[in-house]
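Residues or ranges marked as active site, proton donor by Swiss-Prot: His82. According to Swiss-Prot, the feature divalent metal cation 1 binding site maps to Asp14, His16, Asp48. The annotation substrate binding site is assigned in Swiss-Prot to His16, Arg52, Arg133, Arg240, Arg247 on the grounds of similarity to another entry. Summarising the annotation, Swiss-Prot assigns divalent metal cation 2 binding site to Asp48, Asn81, His215, His268 and lists similarity to another entry as the type of evidence.
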Amino acid sequence: MMTQKPRTVICVGDIHGNISKLNKLWLNLQSDIQNSDFSSALVIFLGDYCDRGPETRKVIDFLISLPEKHPDQTHVFLAGNHDFAFAGFLGLLPRPSDGSEFKETWKEYSKSEEREGWYKGEGFENMHLQSRRWAGKIRVQFDYSAYGVLYNGSIYDAASTFESYGVPHGSSDLIKAVPESHKKFLTNMVWVHKEDDVCIETEEGLTHCKLIAVHAGLETKNNVEEQLKLLRDKDTSIPRIQPLTGRKTVWGIPQELDDKKTIVVSGHHGKLHIDGLRLIIDEGGGYTDTPLAAIVLPSKKIIRDTDNFSN
C-alpha cells in the first residue's frame, strides 16, 4: 500500500519591503523544491511585509499576484505588527468588539506619546495606538541594541512605506495613495493560521503534527485557546497584542502544547531559531546586510535569497 507523500509547507520570514530579496528567495524555492511539490505547496508568509526596506508597494503587488500565478498552491498571509499598524492607519482594522473606541488603547502608554512622537494628523482621533506610533515621528533616536535596531523617524521605521506609495512620511495622503487591491489584502490578513496535519522531520523520524502560525508567537504561560480566540476574532481593543508584538513572553512553546505535537512557527524576532517544534524564521529582520529566509517542511531545510543554486 502506497503512503501519500507529505505536502510541502513553506514558511517565509519577514520581508519588510525588500522586493529584490523576495524575488530571489522565490526563485531559489522554485529551483530547490521539486516542481510538483512546489506547485502544490502550502505557503505561509509570517508577516511584516512593510517598513524598513524601500519597496513595500512592490512587495504587496508580488503577494497579491501569487494566487493567479500559482493556482494550485495555498497562500496564507499572516498579519505582522508592522502590517497591523499600517492597516490601522488606513482605517482597515475592525472596531473593538466590546464597543470601546480606539482612543482607549492610548491610555496605558500615554506617557510615551511625546517621546515617541505619536501621529497627530488627520484622523488620529480614531486610530489604534500602534497606528499612531507607526505614522509618528520620534523626537530622539532610540537604540534598541538588544534587537540590533537604531530607530530613525517612526518607531516602526515606516517612512519607507509612505515613500513607496509616493507620499511623505506621516502624510494622511497615504490613505488615498494605497490602491484598493492593497487595502483588500491588508484587510484580509489573518492573525493566526492552524493546520491539523503537517509533517516534520524529528529525531523520531517523520512526525505528523498540528501547526500554529502566528507572527510573534503564543504567550507561553497563558491559555492557548483564549489566545487563539483573540486572534481569530481580531480583537483590536488591546493596545499591545502579544502574539503579534511580544518578545520574551512568546519565544517558546506554551506549556500546555509541550506534549501535543504542535509546531509553532513565527517570524518577528530578527533571528533564525529552531528548537524542537518551535520555529522562528526571521533571519533578516528587514535589514540590508541580512538574508531573507524560508523554512521548508517536512525537511526543515532553510532556503535564503543569498543561496546560489546551480541549474
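Placement of Cβ uses the backbone N, Cα and C atoms for every residue, glycine included.
In sequence order, Gly47, Asp48, Gln130, His215, Ala216, Ile241, Leu244, Thr245, His268 are the residues of the chain that are 6 or more apart from Asn81 (divalent metal cation 2 binding site) and have a CB within less than 8 Å of its CB. For the pair formed by Arg133 (substrate binding site) and Asp14 (divalent metal cation 1 binding site), distance between Cα atoms is given as 20 Å, rounded to the nearest Å. Ranking the recorded positions Asp14, His16, His82 by Cα distance from Arg240 (substrate binding site) puts His82 first.
By the criterion of other Cβ atoms within 10 Å of the residue's own Cβ, the least surrounded of the recorded positions His16, His82, Arg133, Arg247 is Arg247.
Each residue contributes its Cα atom, and for His82 (active site, proton donor) and Arg247 (substrate binding site) these two points are 14 Å apart. Between Arg247 (substrate binding site) and His16 (divalent metal cation 1 binding site), the C-alpha separation comes to 18 Å. Take the mean position of the Cβ atoms of Asp14, His16, Asp48, the recorded divalent metal cation 1 site; other residues of that chain with a Cβ within 8 Å of it are Gly13, Ile15, Gly17, Gly47, Tyr49, Cys50, Asp51, Arg52, Gly80, His82, Gly267, His268, Asp282, Gly284, Gly285, Gly286. Annotated pair Asp14 (divalent metal cation 1 binding site) and Arg52 (substrate binding site), C-alpha to C-alpha distance, rounded: 11 Å. Neighbours of His268 (divalent metal cation 2 binding site), defined as other CB atoms within 10 A of its CB across all chains, total 28.
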